[in-house]
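Participant: Before we start, here is the structure in question, set down as C-alpha cells.
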Amino acid sequence: MKLLAILLVLPALCFGQRHEGPGMGPGMGPGMGPGMGPGMGPGMGPGMGPGMGPGQGQGQGQGQGQVGGSKCKGGWFLIGQQCFKMMSRALKWNDAELMCEQNAPCGTPVLGGVMTIPDIQTSNAVINHLKSLSSTAMAIDIPFWTGLHNKWNALLERYEGWKWPAGWSTTQQPLRFVNWAPREPNNQLLDQQHSYCARMNRMGQWYVVRCDEPMYFACSMPVSPPLVGGANTNPGMGMLVENPAPIINGYTEFESGLLMRNGVGGP
C-alpha cells in the first residue's frame with residue numbers, strides 16, 4: 001500500500017508544483033490550443049488557464065496547444081531556438097525567475113528563466129507575438145522583465161556584470177546583442193546596495209531598473225536538447241558591442257484597466 005501511495009503522489013508533484021495555478025492575473029489573449037485533460041496547472045486552451053488578452057479563462061486543464069512548432073510543450077511556444085511561456089502575474093525579478101524555473105516542463109534538462117533575448121529576430125518575434133494575442137496591446141507601455149540582470153556581490157564588493165539567467169549552456173559567451181534605450185544602461189543608478197535588472201518597453205528597448213519592482217514577464221528556455229549557438233550571454237562586466245535602433249514602429253493597447261490595478265505603469 002505504501003508503494004502504491006508513493007506512485008500516486010509522484011505524478012502530482014511533477015505536474016502540480018510547476019504551474020501558476022488558476023486565476024493569477026489578467027488575461028491577455030485567447031487560448032492557444034485544446035486542453036488535454038484535468039491537469040494541475042493552467043492550460044492554454046479556451047477557458048483552460050490565463051490567456052494573454054481579453055480572454056479571461058480560468059481553469060486547471062493542462063493544455064497542449066503550441067505556437068511555432070512541436071519542440072515546446074505544456075503551454076510553451078517556439079520562437080527561434082527557445083521555448084517561451086507568457087505569465088499573467090506582475091512579480092519582482094527574483095520571484096519571476098523562481099516561477100519560471102518551477103514552470104519548466106517535467107524532464108527538462110535545463111531550467112527555465114525570465115526571457116532571454118539573444119538577437120533582434122527574437123526581440124521582434126516576442127513583441128509581435130504579444131500584439132497578436134490581443135487587438136489591444138502595449139499602447140500604455142506595460143513594461144516586461146527581460147532575464148538580463150546585474151547583481152551586487154556583497155562578498156566581493158562589486159557588481160557581477162550584465163548576464164542572462166544561469167539555465168543557459170552558453171553562459172560563458174560574451175553579450176553579443178543588446179537593445180538598450182538611449183542613455184542606457186544608466187550606471188548612475190547603481191548604488192552598491194541593490195541588484196538591477198533590464199525591463200523591456202513596447203519598442204523592445206531595455207531600461208535599467210531595480211529588480212525589486214513588480215512587472216509582468218515571460219519565461220524562456222532553450223529547446224530540448226539545446227541547439228548549438230543558441231543564446232548570447234555575459235558573465236563579465238557588461239561591455240556593449242552594438243545598440244540597434246528601435247525595432248517596432250506600430251503598437252496596440254493592453255487592457256489597461258486590469259493591468260494598472262496591479263501597480264504596473266509605463267516608463
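Cβ coordinates come from backbone N, Cα and C, glycine included.
Below are the features I grabbed from Swiss-Prot:
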- 1-16: signal peptide (SIGNAL)
- 20-64: region '11 X 4 AA tandem repeats of G-[PQ]-G-[MQ]' (REGION)
- 21-24: repeat '1' (REPEAT)
- 25-28: repeat '2' (REPEAT)
- 29-32: repeat '3' (REPEAT)
- 33-36: repeat '4' (REPEAT)
- 37-40: repeat '5' (REPEAT)
- 41-44: repeat '6' (REPEAT)
- 44-68: region 'Disordered' (REGION)
- 45-48: repeat '7' (REPEAT)
- 49-52: repeat '8' (REPEAT)
- 53-56: repeat '9' (REPEAT)
- 57-60: repeat '10' (REPEAT)
- 61-64: repeat '11' (REPEAT)
- Cys100-Cys219: disulfide bond (DISULFID)
- Cys197-Cys211: disulfide bond (DISULFID)
Participant: Name, in the order they occur in the sequence, the residues of the same chain whose CB lies under 8 A from the CB of Cys197 (disulfide bond) and which sit 6 or more residues away.
Facilitator: Trp93, Trp145, Thr146, Leu148, His149, Asn150, Val208, Val209, Arg210, Cys211
Participant: According to DSSP, which kind of secondary structure is Cys197 (disulfide bond) found in, if we only use helix, strand and coil?
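Facilitator: Reduced to three states, the DSSP call for Cys197 (disulfide bond) is strand.
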Participant: Counting only other Cβ atoms and using a 10 Å cut-off, which of the disulfide-bonded residues Cys100, Cys211, Cys219 scores lowest?
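Facilitator: It is Cys211 that, of the disulfide-bonded residues Cys100, Cys211, Cys219, has the fewest other Cβ atoms within 10 Å.
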Participant: Over the repeat '9' (53-56), what is the model's average pLDDT?
Facilitator: 37
Participant: For Cys219 (disulfide bond), name the DSSP secondary structure in the helix/strand/coil scheme.
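Facilitator: Its secondary structure by DSSP: strand.
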Participant: Helix, strand or coil: which one is Cys211 (disulfide bond) in, per DSSP?
Facilitator: coil
